[in-house]
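Sequence annotations record features per position, and here TrEMBL assigns signal peptide to 1-27. Positions annotated as domain 'Inhibitor I9' by TrEMBL: 33-109. Look at TrEMBL and you will find 153-639 tagged as domain 'Peptidase S8/S53'. The active site, charge relay system annotation in TrEMBL covers Asp162, His235, Ser580. Feature annotation from TrEMBL assigns domain 'PA' to 402-493. What TrEMBL records for 692-790 is domain 'Subtilisin-like protease fibronectin type-III'.
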Amino acid sequence: MENMMKKYLSLHLFSLLLILLPLLSSCDDQPQVYIIYFGEHKSGGKTIQEIEDSHHSYLLSVKSNEKDARDSLLYNYKNSINGFAALLTADEASKLSEMEEVVSAFPSKQHTWSIQTTRSWDFMGLDEKDSNSNNNYFTPRKNNALLRQANYGENVIVGMLDSGIWPESKSFDDEGMGPVPKSWKGICQTGDSFTSSDCNRKIIGARYYLKAYEASNGRLNTTAEYRSPRDHDGHGTHTSSTVAGRTVANVSAIGGFARGTASGGAPLARLAIYKVCWPVPNQPKANGNTCSEADMLAAIDDAIGDGVDVLSISIGTTDPVAYSEDGIAIGALHAIKHKIVVACSAGNSGPGPATASNLAPWMITVAASSIDRFFSAPIVLGNGNTIAGQTVTPYKLKNKQFPLVYAGDVGQAGVPKDAVAGQCLPNSLSPKKAKGKIVLCFRGNGTRVGKGLEVKRAGGKAIILANSLANGAEISVDAYVLPGTAVKADDGTRVFNYIKSTKKPTAYINTPKTVLNTKPAPYMASFSSRGPNGLELNLLKPDITAPGLNILAAWSGASSPTKLESDKRRVKYNLLSGTSMSCPHVSAAAALLKAIHPTWSSAAIRSALMTTAGLKNNAGKQLTDASGNSVTPFSYGSGHLLPTKASDPGLIYDASYTDYLIFLCSSVGSSEVKKVDPKFRCPKKTYSPSNHNYPSLAISELNGTMTVIRTVTNVGSGKSSYVSAYKAPEGFYVKISPKRLAFRHVGEKKSFTITVKQRKGKKKPKSGKYYFGWYRWTDGVHVVRSPLVVSPA
C-alpha cells in the first residue's frame, strides 16, 4: 500500500511539473524593473539631452524598435548617478550587463516599512533650559545652547525619502523664516491636491516618484493615495516633523495624551520632500507601504542635484543586500561624495541577531530605544490583583467589572483552538460569545490595531492586548477603536491564568493617563533590528540608537490614528513606534552639526554622533531592554544619541570616498568594487575591513593576534593631549600604542594602533561567541569612546 502511494504521488508531482514548466520558463520573459548602472557622471560632462540619448541607445540595442525602447524607460539618472531604470526581461538585462560600459544591472527591489514629539528632544537634553533641569536626562557637559549655536538649523536642507508630507500642519509653517538658501536648486512638483503654494520657506521643495511602483504594481489607486507629494499615509509627515517641525504649543495625540510643545530637532531647517513610498496593493494601509528601489535611486539622484545637506531615509529591507545591488547604498555612496550626510533606519526585525539593514559604512544606521514617558492604563482583575498596562485610546469603560474572556475560547465555529485562535485575527471571534466582554488577545500575526477592530466587530466591550514573548516588556501604544490596554508578555500570561482559574473571570481597565520621568529610560526596543552585520562581520552595525518608541509627531489629515479604513477619526499629531521614528532624530542632530560645522564630511559628523553617545539610563545603570536584560553594541551600536555633546566631540574619525572603496576591496573584492566604481583599482595589498577608519571596531574570527590602525583628527582645542583607556573584551588582551596623543593645532591628525590578542588556557574565549569591550581617548574635557567587538575563530 505504501509503495502504491509513493508511485501515485510521484506520477502526480510529475504531471504537476509538466503543467508548471511552461509557466516557470515564461517568468524570465516577463519584463520587470531593472536598474542599469554606469557609475558616476563626469563633472562638466554631457548635457542632459546627451545623457538621455546615450541611455536610449543602450535600450534600443536590446529592444526590437524605437517605440519599445522609449516605452520601457522609467528614469534617467543624470545628476551624480549615471544610469537608468527600465522595464526589461532577464535576457535583455543580461545582454546589457555584458556591455563594457555597464557597471552592473540588477532588479529593482521593493522595500517595505510598517508602523510598529513632545518629549524625545527634551529627554535628550536638546533644549534651552538650565542644564540642571529635571527634564534633561542627558545633562550636557556645559550649557552651550546647541540650538542657538546652530541657529536652529535654519540654512540646512534635509531631504526626506518617505511617503510625502501634509503641508497644512502647523509643524511646517514658515512664519518668520528667512529666504530659501541660495544653494537650493530643486522644484516644487504639483499634482493631486498639491499646488506650488504648498511649498514655502519651510517646505522648500517636493517631488514624487512612482514609475517603478506602477510598473510593478499597476496604476496607482488614487482613491487611497495622492498622485503628488501630499502624504495620505501619515508616515512621511511624522518623520519630517520629527526632523524639522516648527515649535507648536499645546499639542497632543487623540484623547489628550502626551500633551506638550512639539518641535523637531532642527526646527528652522528646510525640508525637501521626495515621496517614494506608496500603498501595498490589495493590502490594508495599516500593513505598511512599499518603496521601489528604482524610484528611490531617482529621488537620491535628484536630491544630490537639488543641493540637500542631509538625507533621512526611514526605509529598509528584511534581508541584507549586496552593496553593488542595493539602490539605497549606491545612492548614499554618491551622496557622501557631495558631503551629504545619510541616515537610515536599522529596521524593525528585532530582537533576533543579524537582522539589521542599511549596512554600508558610509551611512548612519539607527536603532530604536525608548524615552521616559508611560501611558498608564492598569487592569484590575476580579480577584483584586492589578496588572500594569498602557494605552492611548480615548475611550473609557464604566467604573465596574466586566466579564473577561480569552479570545481562543470565544472563536467562531470552525476556528481551531490553537495559539493563532487567541490572536484576534479578522472574523475569528464569535459575536455571540464575545459581546459585552473584555477580550484578551495575544500579539503575533496581524496588526495590533486590527485586533482591536476585530473585538469591536464581535461586540466586545474592550481589548487587553498581550505581548508575545519576542516583544517582552516593551509596549507600543495604540489608539484602539474601543476601550483597551496593552500588557507585557508575562502579565498577559497572568491574565490568561486568571481566566482559566475561575468560572466567572472579570476585569476593569482604569482611565489612562500620561506619566513622565519614568525609570529606567532609555531602554532598547525589542523590534529594533540587531547586529552582527549580515554583510561584513568586521564592521559593527547598527551605529547608534535614538528615541523610536511611542514618538509623537505631526500626522496626515487624510489618515486616522490607526490607519484602519473603517476608522474615520482624524488627528493632527499621532504616536508611532519604529526605527522609522529614531532615524529622523539622528538626521536632525546631523543637521544641527552641519550648521555648526559646515565643512565637516559626512564621516566626521557620524563620528561625532557615535563617539559621544551614552551608555547609561536615567537610573545611572547600563542600557538594558524593557525587561531589564543586558544588551550589547549589536543592539545600540555606540550608544544613545546625545546631540549636545556631539557638537564638541574633541576628536573625529574621518573617511573619504576612496577610503570606502578600499573598505569594499577588502570586504567584497575588486570584481564587486568594479560594480560600484569601474574606474577604481583596488590596491595590490588589502587589509582586513577592520582597518577601515571607523568610530567603532569589530574583529571577526580572530585567530591569535590582530593589529589595526586608526587615525583621529583634532577638532577640539588647539593644543591638547589625549590619554587612552580601554576595557578589553573577556578572553582578550588589548594594547593601544601610543598611549598618549599630543596635538598642536586644530585639524592635526594622529594615528594609533590597537592590538587585540586572544588569551590562552582557561580564559580562552569560545569559538563562535562575541565578546564586547571599548576604548576611548580623553583630554579631561572630551571623552571619545568607541565600542569594541571581537569573536574568536
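Each Cβ is built from the backbone N, Cα and C atoms, and glycine gets one as well.
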Rounded to an integer, what is the Cα-Cα distance in Å between His235 (active site, charge relay system) and Asp162 (active site, charge relay system)? 7
Integer Å distance between the CA atoms belonging to Ser580 (active site, charge relay system) and Asp162 (active site, charge relay system): 10
On the DSSP side of things, how many residues of the domain 'Subtilisin-like protease fibronectin type-III' (692-790) fall into helix, strand and coil, could you say? 3 helix, 60 strand, 36 coil
Summarise the domain 'Inhibitor I9' (33-109) by DSSP state, stating how many residues are helix, strand and coil. 30 helix, 25 strand, 22 coil
Quick check on the domain 'PA' (402-493): DSSP residue counts for helix, strand, coil, in that order please. 26 helix, 21 strand, 45 coil
